[in-house]
Each structure stands twice: as C-alpha cells, then as structure tokens.
Amino acid sequence: MPIHDAFPYPLYLVISERDCTKKHWLTVAEEAILGGVDIIQLREKDCSRHELLQKARELKRLTDRYQIPLIINDAVDIAIEIQAWGVHVGRSDMPPSEIISTYGQHLSVGWSIELMSQMRSEELQHVQHLGISPIFSTATKKDTISTWGITGIRELRNLSPKPFIAIGGMQLANAKKAFDAGANSIAVVSAICASGDPRKASHELKELLK
Ligand code: TZP
Ligand code: MG
C-alpha cells in the first residue's frame with residue numbers, strides 16, 4: 001500500500017468502540033472489510049494511551065490480514081509505533097509540517113478541512129489527502145463549525161487537486177452525490193458502525209460508488 005497522491009479507497013470507515021452499538025467493534029471492522037470497505041481509520045477520543053495502543057495493535061492485525069490500509073486519528077506517535085499506513089489530524093492536532101519534520105515521510109497524512117482559510121495554508125503542501133468536514137451535520141460529531149454541503153465539495157474541488165474524503169452525515173441516500181461533486185472517498189461512522197449488518201451496509205455503499 002504505497003503512499004502516493006492517488007487515493008484508490010472509495011469507501012472509508014471511521015471506527016470507534018463507542019460508535020459500534022450493535023456488535024463488537026472488531027467484528028464490525030471485519031464485516032465491513034468483507035462488505036467492501038477499502039480503508040479504516042481508528043478514531044478513539046476517550047481512551048488512555050495504553051488502551052489506544054492496544055486497540056490500534058488489534059485493528060492493525062486485522063487490516064494487515066486483509067491488506068487494508070489503517071489510519072490512526074490524532075495520535076501520530078501511535079501511528080508510527082504500530083507502522084500504520086497513515087494518520088489523520090485536524091486544526092488542533094500536530095500540524096502536518098511538524099509530522100513530516102519529526103517522523104519523515106513514513107505516513108500518509110490526512111488533514112480535516114473545516115475552514116476555507118485552510119485551503120490557502122502553507123500546511124496544505126504537507127498533506128496527502130483532505131477530509132472535507134463535515135458535509136452535513138451529524139449526531140456522531142457535535143463540535144463542528146459549519147457544514148460544507150454538496151456545493152461546498154464542488155467549490156473546494158476548484159481549489160485543490162488533492163484527494164478529498166467527504167465525511168459527516170454520509171449515507172446511502174447522499175454518498176453518490178458527494179462522489180459526483182468531486183469527493184474521491186466517502187467516510188462513514190454510523191452508517192456502518194451502528195448497523196446490525198455492517199457487511200451489508202458496507203456492500204450497499206460500495207456498490208453505489210462503483
Ligand atoms: N468528522 C467530521 S463529521 C464526523 C467526523 C469524525 C463524524 C461522521 O459520522 P457519521 O455518523 O458518519 O455522520
Ligand atoms: Mg483531531
């Protein structure tokens with residue numbers, strides 16, 4: 001899974017134990033992979049470092065088995081320690097330039113775009129993919145600033161050729177619209193994690209993106 005400018009991962013699962021309300025989170029991850037998820041991000045917000053490291057190791061074993069890239073949210077040191085494929089950070093995390101200067105080019109770096117001003121930031125050049133966040137308001141993440149909507153994806157598309165990951169309220173009813181507006185990847189939490197049948201939920205989304 002080389003780190004390059006393309007992003008051949010149309011269906012992106014963002015997982016946390018808390019959001020997996022019907023099944024064990026590792027079962028959700030495995031069923032989602034079997035259903036067609038292309039890439040997984042571990043996003044645990046209320047975990048000790050020790051717990052996060054353990055979870056990251058468990059998920060890494062699974063993603064390695066299926067040769068799926070694994071991204072760690074926020075914790076750059078843990079991403080390095082477990083040899084994750086990538087890391088995803090936002091405006092309040094370690095800046096992408098610092099990730100590169102501290103750890104070199106070992107990680108694919110994703111950056112959440114919440115403000116238009118970020119598109120003019122020097123940081124953008126150090127980033128491999130952009131999380132367009134959020135597209136719609138969502139109960140999964142309540143501390144968002146504003147929403148981009150489908151039109152926002154189109155506007156941002158004119159400003160950068162980098163891979164876009166659309167996140168926030170993405171589900172069967174709107175994923176294709178986000179894709180057609182210029183997103184390269186659709187990231188979901190609840191559409192898969194809160195499903196009683198993560199494999200089927202993933203399969204249906206993946207079919208839509210073909
Ligand atoms: N970042 C922006 S919105 C969001 C994250 C992690 C949560 C998306 O959750 P859902 O359930 O897919 O709307
Ligand atoms: Mg963050």
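Placed from the backbone N, Cα and C atoms, the Cβ positions cover glycine too.
Pulled from TrEMBL:
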type	residues	note
DOMAIN	11-192	domain 'Thiamine phosphate synthase/TenI'
BINDING	GLN41, LEU42, ARG43, GLU44, LYS45, ASN73, SER112, LYS141	4-amino-2-methyl-5-(diphosphooxymethyl)pyrimidine binding site
BINDING	ASP74, ASP93	Mg(2+) binding site
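On the structure: features taken from TrEMBL.
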| residue | record | contacts (Cβ under 8 Å, 6+ apart) |
| --- | --- | --- |
| GLN41 | 4-amino-2-methyl-5-(diphosphooxymethyl)pyrimidine binding site | TYR12, LEU13, VAL14, ILE15, LEU70, ILE71, ILE72, ASN73, HIS88, GLY110, ALA187 |
| LEU42 | 4-amino-2-methyl-5-(diphosphooxymethyl)pyrimidine binding site | ILE15, SER16, LEU52, LYS55, ALA56, LEU59, LEU70, ILE71, ILE72, ASN73 |
| ARG43 | 4-amino-2-methyl-5-(diphosphooxymethyl)pyrimidine binding site | VAL14, ILE15, SER16, ASN73, ASP74, HIS88, VAL189 |
| GLU44 | 4-amino-2-methyl-5-(diphosphooxymethyl)pyrimidine binding site | SER16, GLU17, GLU51, LEU52, LYS55, ASN73 |
| LYS45 | 4-amino-2-methyl-5-(diphosphooxymethyl)pyrimidine binding site | SER16 |
| ASP93 | Mg(2+) binding site | ASP74, VAL76 |
| SER112 | 4-amino-2-methyl-5-(diphosphooxymethyl)pyrimidine binding site | HIS88, VAL89, GLY90, ARG91, LEU130, GLY131, SER133 |
| LYS141 | 4-amino-2-methyl-5-(diphosphooxymethyl)pyrimidine binding site | PRO134, GLY168, VAL189 |
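Classification of GLN41 (4-amino-2-methyl-5-(diphosphooxymethyl)pyrimidine binding site) by DSSP places it within a strand. Residues from the binding-site residues list (LYS45, ASN73, ASP74, LYS141) with a C-beta closer than 6 Å to any atom of ligand 1: LYS141. For ASN73 (4-amino-2-methyl-5-(diphosphooxymethyl)pyrimidine binding site), the Cβ neighbour count at a 10 Å cut-off comes to 23, with all displayed protein chains included.
DSSP classifies ASP93 (Mg(2+) binding site) as coil under the three-state reduction. Only ASP74 of the binding-site residues listed as ASP74, SER112, LYS141 bring a Cβ under 6 Å of any atom of ligand 2; the order follows the sequence.
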